[in-house]
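Structure, as structure tokens:
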Amino acid sequence: MFYKIEGSIYHNCNGANSVTTKIQGFIWLYRDDRNFAGPGRIQLLEKIGEFGSISKAAKAMGMSYKGAWDSIDLMNNLAPELLVTRVAGGKGGGGSQLTEYAHRLIKAFHEFEREHQQFLEQLNQKIENFDQLYQFMHRLNMQTSARNQFAGTITSITQGIVNAEVTLKLKGGLEIVATITLDSINQLGLCVGRTAVALVKSPQIVLANADTTLKFSARNQLYGKISDIEQGSVNIAVTIDLAGGNTLKAVVTEEALTDLGVKEGDPICAIFKSSSVIIAVEA
């Protein structure tokens, strides 16, 4: 939960200044120490449910289509169940719809907001007109440049002399293997059964045709379908839908994508080394 202490000044009858102080609070739901859902993202889900379209929902929210997609991708990757699904075909060319889990999440979030508002009203009755404000601290969300963040459960830890291989099972039965030091295992308190998040930077991902006969030494080879290709000034961002509603983003050169001869809707294989995976846990 985030808190803001707001002060407003007014003049009383004798001309002296008095200060009234009000606490405003904002709820954010966290999963594995990541911002998962807050007022803005919940409203985005509601707009998708209303319009049946992410582009229309983004327009209603005053945000870009890419920004809306990134928010949905992040929530889908961190949620235990899929929140938004695509609907293919139809007169309008298809769209998006909320899952039952998304509807439950929206309902629960508004219930949390009502309870939280009652708490703030009680708190505000106790802090009116005082000279020194207490500092309200909130949990800091870890900032990362990694486009891909996957929540899962540790299923195995294989220790070597210096490093260890950590296997993380995601939604849909997918697995990601990370190679980290033994010191990191101890510092993070990793163990089988613990929830963790795998971070993978999009430039570290190599793409290959799904039907390739080549064999790769990289431990992580995830198969999916290309859902979006975004042309940048230098490189191309490729979004891949994986099993279980997970989404992966890779950044490749235009030449590399041309050589693959793939387009939106085509199957693809995303490949990355276990040493390219960062493991994070809640502090």
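For all residues, glycine too, the Cβ spot is worked out from N, Cα and C.
Annotations in TrEMBL come from automatic prediction, not curation.
The domain 'Mop' annotation in TrEMBL covers 143-209 (among others).
The domain 'Mop' annotation in TrEMBL covers 215-281 (among others). Mapped onto DSSP helix, strand and coil, the domain 'Mop' (215-281) counts 13 helix, 36 strand, 18 coil.
Per TrEMBL, the feature region 'Required for dimer formation and molybdate binding' maps to 144-152.
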The correct DSSP tally for the domain 'Mop' (143-209) reads 13 helix, 36 strand, 18 coil
